[in-house]
Amino acid sequence: MSMAASLPAILLVGCGKMGGAMLEGWLEQGVSQAVVVEPHAEAVAPFAGRGAVCASVDAIPAGFAPAVVVLATKPQQAEAALPGCARFARAGALFVSVMAGKTVAGMTGLLGGSALVVRAMPNTPAAVRQGFTAAFAGPGVTEAQRALADTLLSAVGEVAWLEEEALIDPVTAVSGGGPAYVFLLAEVLEKAAIEQGLPPALARRMARRTVSGSGALLAASPLDAAQLRINVTSPKGTTERALNVLMAPEAWPRLMSEAIAAATARSRELAG
Ligand SMILES: NC(=O)C1=CN([C@@H]2O[C@H](COP(=O)(O)OP(=O)(O)OC[C@H]3O[C@@H](n4cnc5c(N)ncnc54)[C@H](O)[C@@H]3O)[C@@H](O)[C@H]2O)C=CC1
Ligand SMILES: O=C(O)[C@@H]1CCC=N1
């Protein structure tokens, strides 16, 4: 039997880049009941005919009783989106928020004061069930509800549980935004390849496959990333010359530290 049977009935509020990525993963798992609230028709176009879509919370069929409500609007849209979901809190649904910067206390307040909330930070590789999510269970969330959230989040990738809510800020910076840094690597590698005379179409293919193939090797190998890097780097060879540039103290090591610190600070700012 597939894991599909164990996925609970889901209400997804906000089906943009992140909500849509998770929904893609859940649909692939054969989730039996998923209702989506999404005001922008364009955002849900890829899901036409694959699940029930409502333009607002008020349009949700009266009989639908979700076990889990996933909150995936922009943090700035939460004040408009959450109060309409309070009735699901009263009916005992568990809330799983993926919004950056929205604290459990803030969300419980917007949901009428007694909602049980798991705060999670996923990433977009969830769309191909290769995501990474770190999650924090707010006060009152039972072991069974935590297991329910774990089932849902595990359906789209790996899950880690945090014992401290504040850790979600650096998690947001590292794994939440991390795919963007990796895609940037593919972009700049492609550009550099073109600069060295490679035809654009070939440069694009090489850059994409080099990044995705390296990711696959990293996923499959028991070796540390550092050892996999050393395995490419012949003494006095070509890679060594490139790494002398990239690994200079003021280059990638410092830039990445600065970038992650900046994103962590922004996550704290969003929490207000
Ligand atoms: N994009 C990413 O890689 C990640 C995003 N997140 C979080 O996920 C959340 C969504 O981000 P994105 O998907 O990137 O943004 P997005 O803008 O693509 O998606 C938000 C969606 O919510 C919809 N929406 C707005 N008001 C609504 C309402 N009242 N009811 C229902 N839906 C409503 C919008 O139409 C939009 O489609 C954010 O809070 C972000 O912090 C978390 C991890 C990674
Ligand atoms: O950029 C953001 O704010 C969200 C959170 C992590 C990824 N995207």
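From the backbone N, Cα and C atoms, a Cβ is placed for every residue, glycine too.
Sequence annotations record features per position, and here TrEMBL assigns domain 'Pyrroline-5-carboxylate reductase catalytic N-terminal' to 11-101.
DSSP classifies A72 (NADP(+) binding site) as coil under the three-state reduction. For A72, T73, K74, P75, the entry in TrEMBL reads NADP(+) binding site.
The domain 'Pyrroline-5-carboxylate reductase dimerisation' annotation in TrEMBL covers 165-270.
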So which one is it: of the binding-site residues A72, T73, K74, P75, which has the fewest other Cβ atoms within 10 Å? K74
Within the predicted model, mean pLDDT of the domain 'Pyrroline-5-carboxylate reductase catalytic N-terminal' (11-101): 92
